[in-house]
């Protein structure tokens with residue numbers, strides 16, 4: 001099972017943690033997106049959108065990290081713990097996954113990605129969207145140890161990757177006590193946390209280098 005990735009990518013780190021939780025071995029194929037490896041014809045043939053992460057399992061190619069995570073659990077999970085089969089429980093996990101993609105991570109991208117290109121962050125309005133995203137997450141976690149039920153699911157793992165990316169960029173999680181409590185626990189119970197954090201540190205290093213270069 002070939003896994004095309006960059007350790008810096010939040011989505012890539014999500015899949016790595018899910019695979020570790022399942023005990024699934026990935027054949028890691030590093031792509032250097034800064035060198036445009038993702039645009040090479042052999043990769044575009046696998047994924048016309050030329051995005052990472054991309055998984056190729058016995059000739060079946062799938063991309064988008066949350067889709068990959070669910071696929072791995074559905075195919076290789078010994079049970080449905082990480083992605084419940086019960087329709088209501090599954091719907092809640094899916095809602096949190098979509099929240100991560102469309103709200104939480106989106107707010108990160110809009111505020112912090114400009115640092116990579118211009119050396120300056122997004123607008124004050126963009127930062128307010130981050131704050132509102134965390135306010136929502138804080139509400140979701142009221143009285144809860146996990147984001148979608150009473151145990152670890154793929155939703156926790158995806159959101160853990162995103163929240164750790166915010167932390168490495170010095171976003172203050174302590175303003176959101178439920179999130180901070182959840183995060184402290186999630187780091188302890190999620191397989192592959194150390195690898196996730198290492199990738200987040202690497203991502204911050206790339207941004208810092210670009211920001212310094214932009215100031216020269």
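Cβ atoms are placed via backbone N, Cα and C, with glycine included.
Looking just at the domain 'GST N-terminal' (1-80), the mean pLDDT is 97. The domain 'GST N-terminal' annotation in Swiss-Prot covers 1-80.
Around residue 66 (glutathione binding site), the same-chain residues six or more apart in sequence whose CB sits under 8 Å from its CB are 11, 14, 97, 100, 101, 154, 158, listed in sequence order. Annotated glutathione binding site per Swiss-Prot: 50, 51, 52, 64, 65, 66, in sequence order, evidence recorded as similarity to another entry.
If you look up Swiss-Prot, you'll see 86-207 marked as domain 'GST C-terminal'.
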Open item on the list: Among all protein chains shown, how many Cβ atoms are found within 10 Å of the Cβ of residue 51 (glutathione binding site), not counting that one?
Closed with: 16
- [ ] Could you break down the residues of the domain 'GST C-terminal' (86-207) into DSSP helix, strand and coil, giving a count for each?
- [x] 95 helix, 2 strand, 25 coil
Open item on the list: In the three-state scheme derived from DSSP, which category covers residue 65 (glutathione binding site)?
Closed with: helix
- [ ] List the same-chain residues at least 6 positions away in sequence whose Cβ sits under 8 Å from the Cβ of residue 65 (glutathione binding site), in sequence order, or say none.
- [x] 9, 10, 11, 12, 14, 15, 53, 158
- [ ] Could you list the residues of the same chain, at least six apart in sequence, whose Cβ is under 8 A from the Cβ of residue 50 (glutathione binding site)?
- [x] 38, 39, 43, 44
